[in-house]
Amino acid sequence: MTTNRTVVALLHKLRKLRDWYVITQANGVTLPETTTEPITRVHYVFHGKVQKVGFRLLLKTIADRMHLTGWVMNNDNLDVVAEVQGTPTQLAFIKHYLSTGVKRIQVAQIEERQADIALNEHQFIIK
């Protein structure tokens with residue numbers, strides 16, 4: 001008979017395996033060249049199949065590799081909300097890759113608007 005503790009342990013192991021897969025995938029992505037463009041910040045809402053597919057961890061891992069700052073979080077509508085700060089080239093790459101580069105992620109629509117630059121922000125976090 002399977003105990004509740006066994007199920008929880010198995011789910012934990014599956015999440016760890018998924019996280020390893022997502023991080024490995026993100027670390028294999030070829031990033032755009034660094035440019036000297038001015039920094040900008042964009043607020044995104046990603047609609048579609050974007051929760052329970054490693055979206056936030058993928059975005060964080062790529063953002064860390066690109067030295068971007070900001071945050072990402074799930075909302076109650078099954079969307080993912082993010083604010084990302086970097087160059088326009090970097091932000092265009094992030095948007096394109098997340099919407100087309102991963103089969104398990106199915107972005108149906110992206111809302112975006114300019115946001116105020118956060119001068120004292122030094123990392124990208126998952127909320």
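Residue numbering: from 1, along the chain as shown.
Each residue, glycine too, has its Cβ placed from N, Cα and C.
What TrEMBL says about this one:
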ACT_SITE  Arg56  active site
ACT_SITE  Asn74  active site
DOMAIN    41-127  domain 'Acylphosphatase-like'
DSSP state at Arg56 (active site), helix/strand/coil: helix
Three-state composition of the domain 'Acylphosphatase-like' (41-127), taking helix and strand from DSSP: 25 helix, 34 strand, 28 coil
Cβ packing number for Asn74 (active site), 10 Å threshold: 16
